[in-house]
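Over in TrEMBL, the protein carries these features:
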{"type": "BINDING", "residues": "His135, Thr136, Lys273, Asn282, Arg291", "note": "substrate binding site"}
{"type": "BINDING", "residues": "His165, His210, His265", "note": "divalent metal cation binding site"}
Amino acid sequence: MSVPRIAFTPGEPAGIGPDLAVRLAQYEWPVAWVAIADSNMLQQRAAALGLPLQIIPYDPHQAPQPQTAGTLTVCHLACAAKVIPQQLNNANADYVLATLARAGQGCMTGEFAAVVTGPVHKGVINDAGIAFSGHTEFFAELSQTPQVVMMLATEGLRVSLVTTHLPLKEVAEAITYDKVLRVIEIIDADMKQKWGLAQPRILVCGLNPHAGEQGHLGREELDHIIPAIAAAQQQGIAASGPYPADTVFQPSYLAHADTVLAMYHDQGLPVLKYQGFGNAINITLGLPFIRTSVDHGTALDRAATANVDISSAKLALTTAIDMVNR
Ligand SMILES: NC(=O)c1ccc[n+]([C@@H]2O[C@H](COP(=O)([O-])OP(=O)(O)OC[C@H]3O[C@@H](n4cnc5c(N)ncnc54)[C@H](O)[C@@H]3O)[C@@H](O)[C@H]2O)c1
Ligand SMILES: N[C@H](C(=O)O)[C@H](O)COP(=O)(O)O
């Protein structure tokens with residue numbers, strides 16, 4: 001059986017992404033994983049951390065081999081400016097996006113079986129004059145996928161989102177029948193495929209307090225969410241709701257859920273991160289390839305220090321491997 005090859009993008013070079021790459025490389029892995037990054041910058045980070053690192057230049061024509069401890073295969077893309085850990089520099093924004101594009105294109109051609117992403121700094125990319133809201137939207141656009149779904153998962157809880165990185169004042173307008181139904185369909189299909197669940201149970205939140213209180217606190221439930229749930233049910237999908245978001249995150253509801261579908265970022269993710277920050281991952285559903293990610297940001301203050309928890313990065317890589325094998 002051939003060894004899968006998985007791309008890893010460390011993301012923002014001044015943040016902890018390079019630390020994650022160096023520290024993951026201290027372990028053996030049953031797959032070939034290829035860091036798409038500046039190899040000099042990674043070598044410097046290893047030196048700053050006092051860790052051994054043998055960089056192997058990536059050759060796409062060589063048969064993938066399981067990664068041995070202390071080695072890191074690197075597809076070298078050069079940073080535009082010298083990287084100083086903990087100091088953002090918008091001169092490197094294009095470099096960060098080039099690493100994502102290289103990984104996404106490699107996934108689409110079958111060169112990589114999956115991509116695992118480290119954290120990027122959305123602010124510095126926008127400061128460089130490039131409109132960017134997140135990996136989720138970037139990979140959707142790159143692969144010309146009209147709708148994808150952000151899901152974060154930790155032990156005992158998975159939260160999916162209808163809208164992702166959208167200003168709050170635009171959320172209500174974005175909650176439409178078509179969008180909610182399509183998101184439910186993607187979750188159903190992907191959870192069957194990626195987790196092997198026969199009938200994923202999707203608990204759908206309302207948008208408004210108390211799920212709209214029969215229209216007295218907003219009409220999005222009556223006009224869009226309830227009809228979308230009904231249409232999904234007619235297709236045989238185990239979607240239910242809408243549930244008030246302040247009620248649904250309780251053990252009695254979660255016992256009957258494979259995922260909770262929140263309407264917007266900060267309706268669902270604070271609960272997930274309260275439960276599992278550092279031991280959770282982010283997965284993009286609906287893409288034509290597998291993408292998993294860490295659950296945290298660039299943690300600039302910790303770059304090139306010993307105070308970096310790599311649990312989420314490990315989980316993102318092992319989950320990608322499981323998904324590839326499935
Ligand atoms: N996957 C991603 O690309 C991703 C995810 C979330 C946030 N971000 C971006 O990261 C930037 C900073 O965001 P933030 O400050 O809200 O969140 P953050 O996750 O970077 O930091 C929040 C807190 O958690 C700590 N922390 C984070 N990861 C850690 C780790 N692995 N080990 C130890 N401590 C850790 C940080 O030091 C900080 O105290 C923003 O630009 C945001 O957009 C990116
Ligand atoms: N919304 C994510 C979180 O809070 O963890 C994070 O911003 C990353 O999103 P992307 O995977 O789209 O970059």
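Placed from the backbone N, Cα and C atoms, the Cβ positions cover glycine too.
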Where's the emptiest Cβ shell within 10 Å among the binding-site residues His135, His265?
His265
Rounded to the nearest Å, what's the C-alpha distance separating His210 (divalent metal cation binding site) and His135 (substrate binding site)? Just drop the number here, would you?
32
For Thr136 (substrate binding site), the three-state class that DSSP assigns:
helix
Could you say whether, by DSSP, His165 (divalent metal cation binding site) belongs to a helix, a strand or a coil region?
coil
Measuring Cβ to any atom of ligand 2 with a strict under-6 Å cutoff, which of the binding-site residues His135, Thr136, Lys273, Arg291 qualify?
His135, Thr136
What's the most sparsely packed of the binding-site residues His165, His210, counting other C-beta atoms within 10 A?
His165
Return the single residue from the binding-site residues list (Lys273, Arg291) that has the minimum number of other CB atoms within 10 Å.
Lys273
For His165 (divalent metal cation binding site) and Thr136 (substrate binding site), what Cα-Cα distance in Å is obtained after rounding to a whole number?
9
Restricting to the chain of Thr136 (substrate binding site) and a gap of 6 or more, list residues whose Cβ falls under 8 Å of its Cβ, or answer none.
Val148, Met150, Thr164, His165, Thr284
